[in-house]
Amino acid sequence: MTTQYLLKDVAPLGGDRTDVLVAGGLVAAIGAGAGDAAENAPDDLHVIDATGMVLLPGLVDLHTHLREPGREDAETIVSGTRAAAVGGFTAVHAMANTTPTQDTAGVVEQVWRIGREAGWTDVHPVGAVSVGLEGQHLAELGAMADSAARVRVFSDDGKCVHDPVLMRRALEYTKAFDGVVAQHAQEPRLTEGAQMHEGVVSAEIGLAGWPAVAEEAIIARDVLLAEHVGARLHVCHLSTAGSVEIVRWAKSRGIDVTAEVTPHHLVLTDEEARGYDPVFKVNPPLRTQADVDAVREGLADGTIDIVATDHAPHTREDKDCEWAAAAFGMTGLETALSVVQQTMVDTGRMTWADVARVLSENPARIGRLDGQGRAIAVGEPANLVLVDPDARRVVVPEEQATASTNSPMRGRELPGRVVATFLRGRATVLDGVPQDDRSSTAGGTPRAAGRVTP
Amino acid sequence: MRHLLSTTDLDRAAAVRVLDTAAQMAATQGRQIKKLPTLRGRTVVNLFFEDSTRTRISFETAAKRLSADVINFSAKGSSLSKGESLKDTVLTLQAMGADAIVVRHQASGAPHTLAHAGWTDAAVVNAGDGMHQHPTQALLDAFTIRRHLTGSATNPDGVGNDLAGLHVAVVGDVLHSRVARSNVDLLHTLGARVTLVAPPTLLPVGVGPWPAEVSYRLDDVLAQGPDAVMMLRVQRERMSTAGGGFFPSPLEYTRLYGLDARRLAGLPEHSIVLHPGPMNRGLEISADAADSVRSVIVEQVANGVAVRMAVLYLLLSGDGDTGVPPATGAIPALTSTPATPATAPARSTTPEVSAR
Ligand SMILES: [Zn+2]
């Protein structure tokens with residue numbers, strides 16, 4: 001018997017209220033008749049009063065660091081995808097900077113399998129562009145593309161593919177299997193020893209600067225390379241006003257480029273560095289208010305295609321120290337949707353349909369995922385997230401599902417709460433709680449238990 | 001105030017108070033028995049993650065002259081690889097009952113982290129962190145400038161004065177210099193006008209809002225007749241990185257930004273020359289300039305002890321009893337009181353400024 005879910009009085013994409021029935025892994029019925037369809041069905045029926053709530057397609061993250069294999073002390077595939085489900089995600093792309101690197105078919109298949117067995121979200125491994133992320137030789141991109149993991153996104157994220165010849169070859173080569181190179185745009189020589197955004201704050205507090213031009217110069221080069229070889233390019237975590245301008249220009253020329261912004265670059269600035277709390281140390285660094293304004297505008301007008309978390313869990317040892325010694329990165333899976341609501345929806349810049357576009361449809365399209373980022377329509381796979389936009393919550397990292405506590409949102413009040421997440425009709429999250437007990441849910445195969453502590 | 005992490009922690013009244021306290025401390029240092037009982041039974045730890053014999057000895061001397069117990073803890077080379085070592089070291093010192101931790105660290109913000117991460121109850125004194133701050137250096141510079149340029153026959157140390165109306169040129173590697181950052185803030189707070197002089201490569205992007213003027217030409221600034229010229233140390237390795245050097249050659253640097261006999265001769269008679277040391281003679285300062293009568297560089301070292309005594313006293317005792325034998329008067333706490341207005345940067349030259 002599979003549980004059916006009847007979402008009563010829900011607003012798909014924030015539009016008109018209706019009833020939605022989730023059954024048999026699909027969106028089974030929508031509208032006044034949805035309840036009847038449920039009553040006629042023999043299975044368990046779970047009715048959710050969704051008055052005031054918004055239904056979105058399950059979120060798709062194009063940029064997640066799950067840390068397994070190699071740094072299971074910071075996160076595992078199970079704990080990271082469980083956190084993703086709590087955050088409303090039904091698919092994540094696991095970045096390649098693991099140990100060993102995700103640069104062979106064997107490693108990407110291992111990550112893909114563990115993700116599938118865990119069952120919290122779909123896990124799509126990102127393949128490394130270069131062997132060992134070393135920027136020297138192309139990794140076996142074709143083998144990863146043809147593997148069971150069907151890799152389509154390739155990135156040396158954490159490092160920039162700075163050699164222009166290697167970047168050109170990667171762009172060209174991935175055309176063979178409709179792949180995309182996702183570039184971490186950081187000119188290495190301009191950022192040696194860099195600690196934070198180079199500007200007024202870095203000058204005052206004496207931390208080595210990471211200039212905006214180091215990002216913009218690489219993006220400018222890459223869009224021209226992509227145009228030259230007719231390949232598609234994805235720009236990871238774009239963070240500066242200048243980068244928005246360059247991508248806008250490239251799109252106006254018809255260059256096949258997509259761009260992402262992280263939740264933290266939508267809301268935080270380099271002013272946060274003044275207290276030397278390494279939780280705000282991230283790469284690319286937090287920029288200025290003018291940059292924050294520009295990326296918000298770029299996201300609203302479609303210059304920036306997606307929001308991706310760059311969820312980067314780190315152990316306490318890697319953050320509980322002086323700034324220069326701390327690791328770069330912050331968690332984000334469980335706060336991303338709230339930050340987007342706060343900065344884009346509650347400010348009137350975007351609708352919930354736009355949110356579905358930037359957090360589900362577009363990332364699914366860039367990653368060439370078939371069953372994700374779809375319309376909410378009868379017969380579609382039931383990858384869905386139910387959101388209560390009127391809820392308010394204060395972020396307590398220790399209570400999050402991720403195994404790490406380096407959330408920059410600690411102590412901040414955020415709007416919105418994920419009430420339920422459905423992965424192909426099965427509730428991975430109900431009433432905001434991850435559904436660790438799988439025996440009563442669909443599929444029947446017990447998954448690995450994961451980290452069940454709250 | 002619990003800690004001294006940055007000169008921005010000090011408003012005008014608090015800064016003048018430190019300098020006045022230092023003047024009292026300096027007065028005791030001319031006596032036969034230099035030691036005061038003030039910090040008897042208290043423990044001061046010198047925690048140095050970076051070599052600096054001169055600064056460490058200065059703090060050590062200051063603490064000992066106040067009768068504190070001193071522990072020198074050199075942790076060089078054991079830090080940046082893994083930040084946890086800073087935390088562990090500090091937890092150890094906390095367990096040992098340190099009352100004050102004087103910390104020198106190559107990472108900007110390390111003293112701030114140490115003071116605010118909840119690792120220790122001790123008062124933290126920043127003895128230089130990365131490219132950020134070196135507040136006691138700026139205080140001793142201000143003390144030296146005040147003494148020379150505002151002192152009078154009856155008030156040789158310029159007690160009670162600030163530095164209003166004085167013009168100070170700070171010359172050299174501003175970009176990497178914690179001394180420059182500390183001085184710009186403190187000199188501004190004390191009412192002085194500051195001009196930074198450096199090649200553009202050695203000025204930070206983002207220098208705009210600093211309360212200082214910026215010039216790329218030393219001769220132009222010297223022509224304005226600054227009251228004090230502070231030469232910053234330039235590290236020779238700054239020019240050696242291929243393609244990433246900050247200036248073409250030491251020779252060119254010296255030609256454009258070095259203080260030599262010719263430039264010295266063009267300064268007004270009362271102008272003084274400072275250098276935080278150690279000097280690169282022949283690079284940023286010639287031997288003529290370093291050893292001239294205008295140079296107060298050796299005196300800066302002596303004043304460093306008095307200023308550090310004042311800081312340790314105000315942070316650890318601050319109860320008005322310096323232990324200084326009578327005739328010098330009580331010393332108020334480091335935190336400012338409403339008696340003096342906290343903001344007074346742009347006021348005109350005070351009548352006490354007679355030595356100019
Ligand atoms: Zn990255």
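Cβ coordinates are placed from backbone N, Cα and C, and glycine is handled just like the others.
Taking a C-beta cut-off of under 8 Å and a sequence gap of six or more, A:ASP310 (active site) has these contacts in its own chain: A:HIS63, A:THR64, A:HIS65, A:CYS236, A:HIS237, A:THR262, A:HIS264, A:VAL282, A:GLY329, A:MET330, A:GLY332. As annotated by TrEMBL, active site applies to A:ASP310.
A:HIS65 (Zn(2+) 1 binding site): 27 other CB atoms within 10 A of its CB, across all protein chains. Annotation comment: TrEMBL describes A:HIS63, A:HIS65, A:ASP157, A:ASP310 as Zn(2+) 1 binding site.
In this structure, A:GLY329 (substrate binding site) belongs to neither helix nor strand by DSSP; it is coil. Residues or ranges marked as substrate binding site by TrEMBL: A:HIS65, A:LEU66, A:ARG67, A:ASN97, A:ASN283, A:HIS314, A:PHE328, A:GLY329.
If you look up TrEMBL, you'll see A:ASP157, A:HIS184, A:HIS237 marked as Zn(2+) 2 binding site. DSSP assigns A:HIS237 (Zn(2+) 2 binding site) to coil in the three-state reduction, placing it in neither a helix nor a strand.
Under the heading domain 'Dihydroorotase catalytic', TrEMBL lists A:52-240.
Summarising the annotation, TrEMBL assigns region 'Disordered' to A:432-454.
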Integer Å distance between the CA atoms belonging to A:HIS184 (Zn(2+) 2 binding site) and A:ASN283 (substrate binding site): 9
Predicted model, mean pLDDT over the domain 'Dihydroorotase catalytic' (A:52-240): 97
Pairwise CA distance, A:LEU66 (substrate binding site) versus A:HIS184 (Zn(2+) 2 binding site), rounded so that it is a whole Å: 17
Binding-site residues near ligand 1 among A:ASN97, A:ASP157, A:HIS184, A:GLY329 (Cβ under 6 Å): A:ASP157, A:HIS184
Those binding-site residues, out of A:ARG67, A:ASN97, A:ASP157, A:HIS314, A:PHE328, that come within 10 angstroms of A:HIS184 (Zn(2+) 2 binding site) at the Cα: A:ASP157
Assigned element (helix, strand, coil) containing A:HIS184 (Zn(2+) 2 binding site), judged by DSSP: coil
Local Cβ density at A:GLY329 (substrate binding site) - other Cβ atoms counted within 10 Å: 24
Sorted by sequence, non-A:HIS63, A:HIS65, A:ASP157, A:ASP310 residues with Cβ within 8 Å of centre, Zn(2+) 1: A:THR64, A:MET95, A:GLY158, A:CYS236, A:HIS237, A:ALA308, A:THR309, A:HIS311, A:ALA312
Residues within 8 Å of the A:ASP157, A:HIS184, A:HIS237 Cβ centre (excluding the Zn(2+) 2 site residues themselves): A:HIS63, A:MET95, A:SER155, A:GLY158, A:ALA182, A:GLN183, A:ALA185, A:GLN186, A:CYS236, A:ASN283, A:PRO284, A:ASP310
